[in-house]
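One structure below.
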Amino acid sequence: MLSRWTRRVNESRLAQRKLTLLGRAIALVVGELLFNAVCWIAAGICFGKTDGILGLALLAWTIGLRHGLDADHISAIDNATRQLVSQGQLPITCGLFFSLGHSTIVIVVNVAIAVSVDIYDKLDRVGSIGGIVGAAVSASFLFLIACLNIYFLVGAIKQRRSMKRRQALGLPPDEDEGDPSKIYGGGCMVRVVGPILRAVDRPWKMYPVGVLFGFGFDTASSIALLAISAIAQRGPNGDAISHGKIVILPFLFTAGMSLVDSLDSILMLYAYATPDSTSPEGKLALLQYPDPNYKDSYLEETVATTLPAEDGQTERHVIEPIDIPQGETEGLETEDNIKAKTGNEILVEEERVGGPSRVDGSGGVGNERVMKAKANTMSSLSIILTLLSILVALSISLIEIMGLIGDNCTQCQDAANDPDGGGLAGSWWRAWARANDQSGYIGAAIVGCFAAILAGWYGAKWGKKKWKARRDANAAIVLEDNEDDAAETPVA
């Protein structure tokens, strides 16, 4: 009887385990690798006996890897991740949904070619219009998302300065301080960026953004050309390749691009919202276990009562204790960090959050993750990375706009293609064209800069921690030696 009860308790506890941020990141990468493996196994089965087709499959996969490093991809994922983190989310799948949206266009085009090869002849006409639409959407999205992050950055810096100033004066946090995850006011800037914030407030909403980015049909045309080349190949018996098999090529492209974009999304998330090592999310573990003592430690002091009203204020009520399922306490404070909060302490905490705390029936404190996100977005590292991402987004947006103008302006084309160089105008437009052509290298450089900044930052923190520990140890030894010398000195 006892063993059965124990087994049920353990099974219930195991069922309530949740993946940590590290666990979700590893699960995402493992899923991507499995998808890549499945695509390659399918390619080997379909094309293994045909000379040259596996080479085309490898080319499609490497095109996906390289395209995942395009500067517009990196900048869009980076800025969208920063925006969602400022809203209290941990969006680990931004890159995945973006790449899936972009790949949808490639897959649809190649499926159409598998149905009718004549579709390829019409891609040029569609691609000329789609290229303009895709570049315009990409540049506009990057520009608007950069403006939105400028708003968040300015708000975070102002609030950080205000908090430090009030803390130095020994004053409580100002209840009028705005939450950087929200947009207040009614000015022109708010009217412009407000709909953008509401439009992309979940990671899955990066999927339609990726679809719009894919309207350029540049990668779709490249993979379609590989598909046409595969159809032209002959099998060992001289038979033509089945048209249905070429659909594997866009899936290989999708596998490569989604892998790179997912890794980029994970890197950006850890850059902006590295969890505290003392929290369940920040521990080096794949799963976080429910704390059986957590519920009582959190709720034992939240007795239903009414706080006395201060002068000029209405009565404020403390949150009544409700049953919070242990499996849904993700993002709450740990037991060691929980303190009894009554009276003015609760009011101060509410001011610090930017509004009254909210406990809903599904469990969890609604503003807890926003509080942590605010702390993350106001850190020095986050401010540096946000500034870098804004500059990158504005730069990539400018490059794409100038490239779009250069491709569709007759005078610009004449100056760029002038045999005599075209003077200053020719050099100007050729420079923008070269910048567009080097998008993959620019994207790789952006990722490298973020990785270098992260490595340098945490390396410096680790070195500083070790230096302080060594200094404190030496000071303790010197103090102990002085005490021993004082004890051995005879009293006159």
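Counting begins at 1 with the first residue displayed.
Any Cβ shown, glycine's included, is placed from N, Cα and C.
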- Candidate set Asn10, Asn408, annotation N-linked glycosylation site, source Swiss-Prot, matching residue: Asn408
- Message: If you compare the topological domain names in Swiss-Prot, are Gly48 and Ala435 on one side of the membrane?
- Response: yes
- Which residues, sitting 6 or more apart from Asn408 (N-linked glycosylation site) on the same chain, put a CB under 8 Å from its CB? Ile132
- Query: Is the number of Cβ-Cβ pairs under 8 Å between the transmembrane segment (25-45) and the transmembrane segment (383-403) three or more, considering only pairs separated by 6 or more positions?
  - Reply: no
- Message: Could you give me three numbers for the topological domain 'Cytoplasmic' (72-94), the DSSP helix, strand and coil residue counts?
- Response: 16 helix, 0 strand, 7 coil
- Determine, from DSSP, whether Asn408 (N-linked glycosylation site) sits in helix, strand or coil. helix
- Item | Interface-richest range of 51-71, 95-115, 383-403, 440-460 toward the transmembrane segment (240-260), CB pairs under 8 Å | 51-71
- What are the DSSP helix, strand and coil residue counts for the topological domain 'Extracellular' (46-50)? 2 helix, 0 strand, 3 coil
